[in-house]
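*Asks:* Features from TrEMBL:
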DOMAIN    9-427  domain 'Major facilitator superfamily (MFS) profile'
TRANSMEM  7-26  transmembrane segment
TRANSMEM  49-71  transmembrane segment
TRANSMEM  78-95  transmembrane segment
TRANSMEM  101-124  transmembrane segment
TRANSMEM  136-158  transmembrane segment
TRANSMEM  164-182  transmembrane segment
TRANSMEM  242-264  transmembrane segment
TRANSMEM  276-299  transmembrane segment
TRANSMEM  306-328  transmembrane segment
TRANSMEM  334-360  transmembrane segment
TRANSMEM  372-396  transmembrane segment
TRANSMEM  402-423  transmembrane segment
Amino acid sequence: MGWVKQWLAGLSACFSGFLLGAYIGWSGPMEKPILNGEAYSFSPSIEDWSWACAMFTLGAACMCIPTGILVRAFGRKLIMMIMLIPGLLGWGLIIEARHTAMLYAGRFILGVCAGGYCVVTPMYTTEIAEVKVRGIMGCFFQLMLVHGILFSFIVGALLKPLPVNIVIGTLPIIWFIFIIWLPESPVYLVQVGKPERAMKVLKSLRKTDADISSEMAAFEAGSKKEIMVKDAMVRKTTLRGLIIAVLLMMLQQFTGINGIVFYVTGIFEKAGTGLSPSTCTIITGCVQLAMTFVATLIIDRVGRKVLLLISAFLMLIANLTMGFYFKYLTDKNIGWLSILAIAVFFIGFALGFGPICWLVMAELFAEDVKPICASIVGTSGWLFAFVVAKVFPILVKEFGSAVAFWVFAFFSIVACVFIIFFVPETKGKTLDEIQGLLS
C-alpha cells in the first residue's frame, strides 16, 4: 500500500495546482461582469482590468525566490501550510473590494501564493516520488491546475460574481486540510540531519518490500557535499539546466497560454462563434483537462522531449489558424473554427508545455541548488507571464487579434527548434544520470 500513500501525498500537495488554476481561470468569466459594473460598486476600465490580471503574475514573480530560501530553511510542508494565510487575505480583499486598489492588492497577494505553490509543490512531489513514477507524479501539479481552471470557468458561468469569489476563496482551507497529514520531504529531513525520520518517511511511501537503501544513499551523498551556493551555481551542469529551464518557461508563456486563458471570454466574443462565450470557454477547458490526463498516462512511456515537440507543433497550428481566422474569416459565419483552434491549442499545451515545464524544472537540478534554481525559473516564468498579460491586450488593440496570434505562432516555431536541438530527454533517468547528461 506504500505506493497508494505516495500518490495520495502527491495529489494532496498538488491540490495547490487546483488553487492556482482557479485563480488564473477566475479572470476569464469575471472579466465581463467586472467591466460592466455588475460585480462591484465601481467599474474598472479595460486598462485597469489588464493591470488586475498582470498584478497576479507580478505577485507570483516576487514570491518565487523567497520561497526557495524558505523551503531550504524551514522545510516544504511548513511553507505549504503557511500559504493558507495570504490565500485567505487575498480573497478577502477581492470579495470586499471597494475600488480598484483593493482588487489590485487582492490579485497581487494571490499571486504571492501562486509563486509559492509553483516552487514548493513540484519540488516536494519529485522528492517523494520513485524514479519509475516521477514523470506521472510530476504531471499531478498541471493536472490539478487544469481542473482548477475548468472549475472557475464552470462556477463563473453558473453563479453571480459574489458567490464565485466566495466559493473559490474557500479553496485554500480545503488544501490546508489535505496537507496537514503529509510527511515532510525525505530530502529535506536528510539535509537537516534527520536520516532516521527520512528513512521512516520513505518506508511509508514505498511498497513494503521496497529497497530504499539506494535512495537514502543518494540523499545522504547530496547532503554531505560541502559547497558554497555561489560555486554550485556556476557549475556547467547548473548553468545549462538553468538556461534550458528558463527558456522553456519563456516559450511556455510566449506561445500564448496566459494571454488566451486570461482573456478567453473576450476572444470568443470577438470570434462570433454562435455560442455563448462561457459555453465555448467550458468546452475548451474540458478538452484541456482530458488531454492533461492523457499526458499524465503517457509521459513516462513516450518521454518529455517528444511530447514537448508535439505540443509546440499543435500550438503553432492553432495560433496560425486563429490569426488567419481573425484576419480573413470573422464575417464568414464559421465561428466553429475559432473554437476548434483554441481547443487544439489547449490540446497541445496540455500534452507538453503545461505539465512538462514544471516537471523539468524539478528534474534538471542537483539537490544542492534545486531550491534556488527552481526559484529563479519560477520567477522568470511569472515575469514572462506578466509580459504576456500586459502586451496581449495592447497587441490586440493596436494591431488586431490576428497579429497577436501570429506573434504567438512565431514563438511556437522557436519552441520547436529549441526542443529539437537543446532539450535533453530525462525519461526514466535518476537525478544523477540527468546531471551526467548536462555535463
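Cβ coordinates come from backbone N, Cα and C, glycine included.
TrEMBL does not curate its annotations; it predicts them automatically.
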*Asks:* Which one of these stretches, 78-95, 242-264, 306-328, has the most C-beta pairs shorter than 8 Å to the transmembrane segment (164-182)?
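*Replies:* Out of the listed stretches, 78-95 contacts the transmembrane segment (164-182) most.
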*Asks:* Residues sitting near the transmembrane segment (101-124): Cβ under 8 Å, six or more positions beyond its termini, same chain?
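*Replies:* Distal contacts: 13-14, 16-17, 19-20, 23-24, 40, 44, 51-53, 55-64, 67-68, 71, 76-77, 79-80, 83, 86-87, 89-94, 138, 141, 172, 185, 358-359, 361-362, 370-371, 374-375, 378-379, 381-382.
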*Asks:* Where else in the chain does the transmembrane segment (49-71) make close Cβ contacts, counting only residues six or more beyond its ends and a cut-off under 8 Å?
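*Replies:* Hits for the transmembrane segment (49-71): 23-24, 27, 31, 34-35, 79, 100, 103-104, 107-116, 118-120, 123, 188, 258, 262-263, 371-379, 382-383, 385-386, 389-390, 393.
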*Asks:* Taking a Cβ cut-off under 8 Å, which residues six or more beyond the ends of the transmembrane segment (372-396) line up next to it in the same chain?
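*Replies:* The answer is 46, 50-51, 53-54, 56-58, 60-61, 64-69, 72, 111, 114-115, 118-119, 122-123, 229, 233, 238, 241-242, 245-246, 249-250, 252-254, 256-259, 262-263, 357, 361-362, 364-365, 403-404, 407.
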*Asks:* For the transmembrane segment (306-328), could you work out the same-chain residues 6 or more beyond its ends whose Cβ comes under 8 Å from its Cβ atoms?
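*Replies:* Residues 248, 251, 255-256, 270-271, 295, 298-299, 334, 337-338, 340-342, 344-345, 347-349, 351-354, 356, 400-406, 408-409, 412-413, 415-416, 419-420, 423 contact the transmembrane segment (306-328) from elsewhere in the chain.
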*Asks:* What residues elsewhere in the chain lie close to the transmembrane segment (78-95), defined as a C-beta under 8 angstroms and at least 6 residues from its ends?
*Replies:* 13, 16, 19, 67, 70-71, 102-103, 105-110, 112-113, 116-117, 120-121, 124, 162, 165-166, 168-169, 171-173, 175-176, 179-180, 182
